[in-house]
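Working notes, structure below.
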Amino acid sequence: MVTDSAAGLVPDNRDTGPGGPGNFSRAATLPRRACHDDHVKAAVHRFADRIGDRGLRRAALVGGIVAVACVAGTLVLHWELTRRVDVDPVYASDLVLGSVWPVAGVVVVYQQPRNRCGWLLVGTGLMSVYLLLGQYSVWSAKVTPLPGSAVADWISMFGFGVYFIVLPLLTLIFPDGRVRSRPEKALAVSALTAAGGAICARMVVPGPADVDGSIRNPIGIDALEPLNYVTLVSSFYCLAVATPLAVIALVVRTRRAVGVQRAQLQWFMVGGIVMACALIGALLLRDNALGNAAFVVALLSLPVAVVLATLRYRLLDAEFALSRSIVLVLVVAVVATSGGLVLWQIDPDIAGSRAGIALVVVCVLSAFAVRAVLQRVIDDLWFPQLRGTRTLAPRISEAVSLSTEPRAALADLISALRSELRMPYVAFDGAIRTEVGHRPERVVTIEAIAMGRRVGQLEVAPRRAGDGFSDAERTLLEQAAAHGAMMAYAASLVAETEDSRARIVAAREEERRRLRNDLHDGVGPSLAGIALQMDALAHTLRRSGDIEYAENADSIRDRVRETVAQVRAVSHGLRPPVLDQLGLAEALRQLVDGLGMVEGVVQLDDMGELPAAAEVATYSIAAEAVTNVVHHSAASRVRIDVECDGQYLELRVSDNGRGLPGRPRPGVGLTSMRQRAAEVGGRVEHLAAQGGGTVVRLVLPVTSLPGQGKVASL
């Protein structure tokens, strides 16, 4: 489960449904102050509320049916005209814009009745009315005068104005029908103003009409003919300036969007890329069937993308499709440009020759090489989650295989997740906590469950304040949380095992200390006393002349003394006697006394009472480290330091010898040190000392140590 620490579930921007922000929603959708300030918007909202969703759907359906009927009527009239007179053709692209786009709008309105994008598409049905009235005017002018032909002639002058506004405006308001930023609002207003100016200019210029040069404006004024330049400039602004700027705004919004809205915008961008490529193909293949087909494909791609983005945005991986589409366009552009330059520089007529075939092969190989490079660049800049999906799994496998313990593997996982997905903060919080980055106020949490129980949670911060995560990113985070849960669970099992082993070892050492004390202070003296008594008995028997009994007493005395020696050996094996004789501090001082050529530094403070296991482990590891200094380091000085904070004891044995080899091989001594430390829940490290030499560092828990918080230098 993915939750937000500040507001429950992370919003996934599902604001494109009925009543969503930016649509013809009810009063709760927009702030009341905005509704009162903008009377036009308030009127639109009241009108939509009065009609209701069912009425809006019916109105859109009527508009779609009228558009399709007008296109059908256009085809019938044009077919009849071609049988009688010579007329200009009706372009398939105009028919697509007048029929397919309104039908796509009807589909969107049926799903989201108050979404302005759907109504904008339905509004393109005005193009079909323009086409029908244009053919009506041609029939009236060239075949038979018809009633109302003057009105048809006038509308034929400006009815194509929908061409100018639909692309920039749809790009700005998709997917929820709302223009967000001030620059986008200014761009939308300028495009509407330019389109309105072009339409108004065409209303009063004398002509001619686009459908046929013989049709003139019935209310046109000859003196206003220069206003045709207004139409030309306005159309250029809408199509060549406003539309590219709207595309740039779309790219910015797509990069910032998350959740459903991001997927919808990406589908729209895929449609836009297909449209751009098809338009380029139509320009290159002008005046033939392929060029017309490319133009039709261009106009079909965007409404299809809008329908997919609205209804089936989960049908395919939009990010994958968009990534590959961008790379494909760039590869084709790079290869086509380079190949064209080569042909222009060498010889345009090498097609079919060996040089031409070689050029094709080189271009194909270059395409493969360029594609791989561009794919990495696009994924890194635009789709970091795709790169993260591709590279995070190997990083997780590497963390699991190379880490020496689950805790380290979990830390590597958190670090990899932050670096691959470029997040400012990632943490795992549970029995084990690890984090990377600075924690902001708002984080998203994902439950980490392993073996049927909750072991913690994954905390991640969005890349920017106010952002969320897409569905693909959530899936990736949930998978990472599952991996982290298993690592944390394994780490908890390891910790429990180590704690259990440490308790067992501590109990063993305490029992050994008790047994040694009993043997040393109880059994040993008792046996020694028996030996003395037997010795006295043997002496008495000799004086009385009982030689045989005296020899038996001597034999018993000797056996008792052997037993005393064995008991002493057993007690020494249970625990180093120097610890009980001198204590740990004096025992450590004795280690560096009498080292011969090696100078020992000893400064001792009172360390208090330690658990038996801690004493034995500390002394044994220090003794092994000092032995290594004498035998292997060629050092002239050795120092032992102990630091204790009440919970952990840290022992450092340092020397000024030759230091560690380039590739140290663990011997019996190093292995035994690690094993002794692990038995009591501690760890041993072998480090290179500054200025040369070696440092053996032991850290082990001493929970029963009195908490002086002092540093003892031994």
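One-based numbering along the chain as shown.
Cβ atoms are placed via backbone N, Cα and C, with glycine included.
In the domain 'Histidine kinase' (621-704), the DSSP tally of helix, strand and coil residues is 25 helix, 30 strand, 29 coil. The annotation domain 'Histidine kinase' is assigned in TrEMBL to 621-704.
According to TrEMBL, the feature region 'Disordered' maps to 1-24.
Below 8 angstroms of C-beta separation, residues 51, 87, 90, 95, 98-99, 102-103, 105-106, 109-110, 113, 118-119, 122-125, 127-129, 131-132, 134-136, 139 of the same chain, each at least six residues beyond the ends of the transmembrane segment (59-79), sit close to that stretch. According to TrEMBL, the transmembrane segment annotation covers 59-79 (among others).
The transmembrane segment feature in TrEMBL is assigned to 91-110 (among others).
Annotated transmembrane segment per TrEMBL: 117-134 (among others), in sequence order. Long-range contacts of the transmembrane segment (117-134) within the same chain, counting only residues at least 6 positions beyond its ends with a Cβ under 8 Å from a Cβ of the stretch, are 60, 63-64, 66-68, 70-71, 73-74, 77, 90, 94-95, 97-99, 101-102, 104-109, 111, 151-152, 155-156, 159-160, 162-163, 166, 169-170, 173-177, 209-212, 303, 306, 310.
The transmembrane segment annotation in TrEMBL covers 154-174 (among others).
Marked as transmembrane segment by TrEMBL: 186-209 (among others). Sequence-distant contacts of the transmembrane segment (186-209), counting only residues of its own chain at least 6 positions beyond either end whose CB sits under 8 Å from a CB of the stretch, comprise 134, 137, 153-154, 156-158, 161, 164-165, 168-169, 172-173, 179, 215-217, 219-222, 224-225, 227-228, 230-231, 233-235, 237-238, 242, 245-246, 249.
For 229-252 (among others), the entry in TrEMBL reads transmembrane segment.
What TrEMBL records for 264-285 (among others) is transmembrane segment.
Feature annotation from TrEMBL assigns transmembrane segment to 291-313 (among others).
The transmembrane segment annotation in TrEMBL covers 325-346 (among others).
Taken from TrEMBL, the feature transmembrane segment applies to 352-374 (among others).
Annotation: stretch 229-252 has the most Cβ pairs under 8 Å to the transmembrane segment (154-174), among 91-110, 229-252, 291-313. Same-chain neighbours of the transmembrane segment (291-313): 16, 91-93, 96-97, 100-101, 103-105, 107-108, 111-112, 115, 117-118, 121, 167, 170, 174-175, 260, 263-265, 267-268, 270-272, 274-276, 278-279, 281-285, counting only residues six or more beyond its ends whose CB sits under 8 Å from a CB of the stretch. Mean pLDDT for the domain 'Histidine kinase' (621-704) in this predicted model: 79.
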